[in-house]
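Notes follow once the structure below has been shown.
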């Protein structure tokens, strides 16, 4: 199963990068969302996978009795998901605003910050 | 206050003077402080004969120049700045000649470069001054880098950064394979600093500096730093063919080019600058000869040149100040109005032209004598020395006779200057005469120890004013005759030279600079053209490049993947993969949002299966919110074009990136996992934090500050998003 996780991460990265380079604002946002999913999954899988064993301690015990899932990457992924969410929402707001003021969703035509040289 | 620098310099001169008896008896003094002990760098200072000669020149001439500066800029509020810079320069220069540690020497060397840059650009509101300062900085700065490389090569080879120990290893260094590289780098440093051909052109440009600065830096001291280092390194690097010929040829060319171009100048200061090139060229050429006689001539001429050149620069400064011009055609007949200035200029010029009984005469005799026995090529060395000296006689006449004789011409009402202005050059000019009359003590006390340091063994310097009628004397007579003849026709010569358009090394410098400008403009245009997709492509390309470089440079073995997976899990994986492909290629925004949700919830399902319940819950909630926000935002964003277009480059780049991630991640999974932290959390969650959900305990207890930071980030993102929307609304109103 490990390898299938890795495969998913790879495909998410490939699609994400391809969408971000498309030059259209909306597709760029899709790409960004895929990228953040890829990152989360990559962190999760690199902590090792263990099927169906949540990192819980039974009542009255001091430590898990049987081997459980690696808790550390889970904690990191939780943080990453929330941060990625914040980033996506901000990017959405920025995109909306950029489209409103630039009048185009084509990223290469957004030239207010770096105006086209005389050509 | 304004005489404080002069006083300090005078005290320093006296202090160095007190070493004279010990040094001339053949002793040395040294001090050392640890600086970067780990790197073996010390601040090591050492006084031997050569250092002492330079230190006396720097502080002695410095005293007179500081005094002159205080008078020259008397009514100028920039005086404190100028004096501060000059003092800083003087300290760097002293450090340079006293340093015994190669790294300390380099630091002081760069100190003189930087202060010289600031001093040349002193009139920073003049474009020419700025350009000249930059040119001097670029040339000498690049040379300084080469020098550092050379010194490090030498230091690594010798196992010591003490110059005094390096020079004792001369035979080993010359026999080693690092010799050529070290020599080339050191020579580059010395030649740029001392303005040797083909780097000579920065020196005349540096005349944009105020006259006292030119007199101090660009004739008497800084430009001699390269000569100093050549002298210092002679025992370590000298005596080989490459050393001999590069010094002799570059020195001879510099000498001739400097002399010829000196005669072309209308501006007396520029003319003196070019004769300085002649002096520096002569010194380098003599050091190339490799004989003891030549080294003796070099040490003597160093002093001779410093005395007369500083005096002449200062006297041109007086002309500029009192008569309102330093153009040769604007001046004439000032002898009556400025008798003192005339006397000073005449004394210094006579030494420059090498007339007896001045020290310049002895200097010239000794040069001729050593040139006739040069190890390189007596004909070449003697010939170029003769030609240059003839032109020096003419130039000396130009600066001492032209302004003071003939029809009276001046830009303003001339008169002799105040004490502060004439005192310095008068002392220097008088010393030229004094040393000429009594050369024996000078030779024994000052030059002998210096020569010992240059040749690496004890030496004897006996100087006489009268050498008898021999070949050098006959050459001297020839010099006078031809020089005076040349002076009589100098006007015609000057016009002829000015009419001839000769390409100089400076054109190469200009071309080089223009080329660098064009190159950087091109790089900026192609890397930063304002197209966002280009930026993205570059970023992804670098990302992919770094990943693949790491993969190709490591030799991790990849294990075989195992595809035996329960059908249910396989179904989830297929859902994610298909959804991803759909997001990528669908033209419909609705389908894309749905597919994004599919990807997110598929991943949430994976989290559930692999024991990450909390993560899965968060992922699901976030995914719902993302879909909602996307839907809201897309209402106000345009439709996506049907086709993504066929973009093979982007496709290849994305695939390369994705494959790189797969390989890297798979390799990471093949390594052993360090479970130290995980075990720690499992062990202490219940007893210490009283929580049974380990993930939660980590987030809210063990790493609570991290979580606080995370919350802040989300909050900031929310505030920023709101601000962006608000700004949009206000912009529309």
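In case you wondered, yes, glycine gets a Cβ from its N, Cα and C as well.
TrEMBL does not curate its annotations; it predicts them automatically.
Taken from TrEMBL, the feature domain 'NADH-Ubiquinone oxidoreductase (complex I) chain 5 N-terminal' covers B:40-81. Under the heading transmembrane segment, TrEMBL lists B:49-70, B:105-122, B:134-158, B:270-291, B:297-319, B:340-359, B:379-401, B:534-553, B:565-583, B:590-613, B:649-669, B:711-728 (among others). The domain 'NADH:quinone oxidoreductase/Mrp antiporter transmembrane' feature in TrEMBL is assigned to B:99-384. According to TrEMBL, the feature domain 'MrpA C-terminal/MbhE' maps to B:648-732.
Taking Cβ pairs closer than 8 Å, the transmembrane segment (B:134-158) reaches residues 102-103, 105-106, 109-110, 113-114, 116-117, 120-121, 165-166, 169, 172-173, 176, 178, 181-193, 199, 201-203, 205-206, 229, 236, 509, 513 in its own chain, all 6 or more past its ends. With pairs at least 6 apart in sequence, the transmembrane segment (B:649-669) and the transmembrane segment (B:534-553) have 3 or more Cβ pairs within the 8 Å limit; the two touch. Under 8 Å from some Cβ of the transmembrane segment (B:297-319) lie the Cβ atoms of residues 50, 53, 57, 61, 64-65, 68, 72, 211-212, 214-216, 219-221, 224, 227, 231, 268-269, 272, 275-276, 279, 282-283, 286-287, 325-326, 331, 334, 338, 341, 344-345, 347-349, 351-352, 359-360, 362-363, 366-367, 369-371, 399, 403, 417, 421-422, 424-425, 428-429, 431-432, 435, 442-443, 446-447, 450-451, 454, 461, 463, all in the same chain and six or more residues away from its ends. Counting same-chain residues at least six beyond the ends of the transmembrane segment (B:379-401), those with a Cβ under 8 angstroms from any Cβ of the stretch are 248, 252, 255-256, 258-260, 262-263, 268, 271-272, 275, 278, 281-282, 285, 289, 312, 315-316, 328, 342, 345-346, 348-350, 352-354, 364, 367-368, 371-372, 475, 478-480, 482-484, 486-487, 490, 493. Residues of the same chain lying 6 or more positions beyond the ends of the transmembrane segment (B:105-122) and with a Cβ under 8 Å from any Cβ of it are 78, 81-82, 85-86, 88-89, 91-93, 95-96, 99, 129-130, 132-134, 136-137, 140-141, 144, 147-148, 151, 163, 189, 193, 205-206, 208-210, 213, 217, 222, 225, 229. For the transmembrane segment (B:590-613), the list of distant contacts is 569, 572-573, 575-576, 578-580, 582-583, 619-620, 622-624, 626-627, 630-631, 634, 640, 695: same-chain residues at least six beyond its ends, Cβ to Cβ under 8 Å. Summarised as a single figure, the pLDDT of the domain 'NADH-Ubiquinone oxidoreductase (complex I) chain 5 N-terminal' (B:40-81) averages 89.
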